[in-house]
Amino acid sequence: MAKGKTTAFFCQNCGYESAKWMGQCPACREWNTFVEEPVVKTTGTKTSAAAGSTRRMQLQEPSRLVSIKPQENLRISTGMEELDRVLGGGIVTGSLVLVGGDPGIGKSTLLLQVCKTLANRGKKVLYISGEESAQQIKIRADRVGEAGDDLLILCETNLGDIREILERSKPEIVVIDSIQTMYSESVNSAPGSVSQVREATGILMQLAKVLGITIFIVGHVTKEGVVAGPRVLEHMVDTVLYFEGDRHASYRVLRGVKNRFGSTNEIGVFEMQEKGLVEVPNPSEYMLSGRPENASGSVVACSMEGTRPILVEIQALVCQSNLPMPRRTANGADYNRVNLLMAVLEKRLGLRLGVCDAYVNIAGGIRMNEPAMDLGIVMAILSSYRDKPIDEKTIVFGEVGLSGEVRAVSQAAQRVQEAKKLGFHTVIMPAVSIRGMGKIDGIEIIGVRTLKDVLRSL
Ligand code: TYD
Ligand code: MG
């Protein structure tokens, strides 16, 4: 940026900064996202200088790894096992957690429930809202969960004031709902703009680390699917969780996208009910409820979501097309992947899919992109194309390659165990993954090497 310039253009989607206005962002490829904003020269230096001064106070010497004692009670359980798992085993003291999601998906509800539970356990919890009045929060709080009378509520959007309050009252856990409503007086632009959100997160990060407070930040996702303006936020915080789900279905999936203190790709499943969010401890059962009987085009597949196998029903409908360009849709599965698998089927098995419409759907609206879902998609399409139902006590998993080979997948034994737990008795899986897997009683395992084997097993 030119010296002495006080404004710059920021992509509201990803935070990319440019001296000139641009129609398309070179970083995230979104159109018309550039807005002129004042430049905050202090942001980076201020936070790092502040962090530096605390570091100077606390750490004088580098120390040997062995001499560092693990801190006790570093993790606090949230009282929700599903949330604990996504967080990597509970809340880490002094961490900054971003909870993103579409407006109305249930972020405020989830965090309010967590706050109430923690307040009940004697933690000092402060819920700061810039979106709702204290009365409105009270109405919601009365709806969800038990008591939580000691929970502190504050309606405030000025970060200077929030900083003072936090320094004075030293709560253990703080929720900021939402980052897009917060503003710092040192920045001239409007709340929700890239520079404000960046500055606000910087201040909160500093407060979390200096005061040892765990801070949850709520961030709204725009229609493009990233937290409004600030993808900048993602790299500043310790943990990023996204809350997703079909607005019309009642279940919600909380997905870990980044976690400095645990594994990512874990998911937590919740159901939105009258009285707030309820955990779904056995998602497979939940996802498979209401499955059609003896219908062609339906098959149960298994996807590993973090450490947990989840069974879902894949449905396909393949029919003769009346259009010059056959229609294809993919719901919950990757559209390009479905097209690729159909091309493989056409080439390797000689099916005439090019003249067929095809609709693929993962029942329940959950999004799953693990390659192990390939075989499920392929079998659902085959089953619909041939109009042959697949035995309903069968599950399938495996990756399909371009030559029509069925490739190995990880954690095969765990997937088979899950199938057994839910009363399935046949598993169709990659032959190469069977090796090294002990025998599992009551389950018939059919190993397949190529799509030809798959066709035979149908
Ligand atoms: P909310 O937490 O306000 O969403 P966000 O903070 O992510 O914008 O969720 C609001 C939705 O949840 C709203 O559509 C109503 C629904 N809801 C319930 O179904 N039951 C409940 O007990 C509560 C509190 C909300
Ligand atoms: Mg909200």
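Every residue, even glycine, has its Cβ placed from backbone N, Cα and C.
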Which listed span TrEMBL calls motif 'RadA KNRFG motif', if the choices are 103-107, 258-262, 288-292, 293-297: 258-262
Under 8 Å by Cβ from Lys107 (ATP binding site), counting only residues of that chain that are 6 or more apart: Val99, Gly100, Gly101, Asp177, Ser178, Val218, Phe243
Additional residues around ATP, ordered along the sequence, whose Cβ is within 8 Å of the centroid of Gly101, Asp102, Pro103, Gly104, Ile105, Gly106, Lys107, Ser108: His220, Phe243
Cβ contacts under 8 Å made by the motif 'RadA KNRFG motif' (258-262) with residues that lie 6+ beyond its boundaries: 87-89, 92, 95, 234, 237-240
Site of maximum Cβ density within 10 Å, from binding-site residues Pro103, Gly104, Gly106: Gly106
Where the C-beta lies under 6 angstroms from ligand 2, the matching binding-site residues among Pro103, Gly104, Ile105, Gly106, Ser108: Ser108
C-beta crowding around Asp102 (ATP binding site), within 10 angstroms: 17
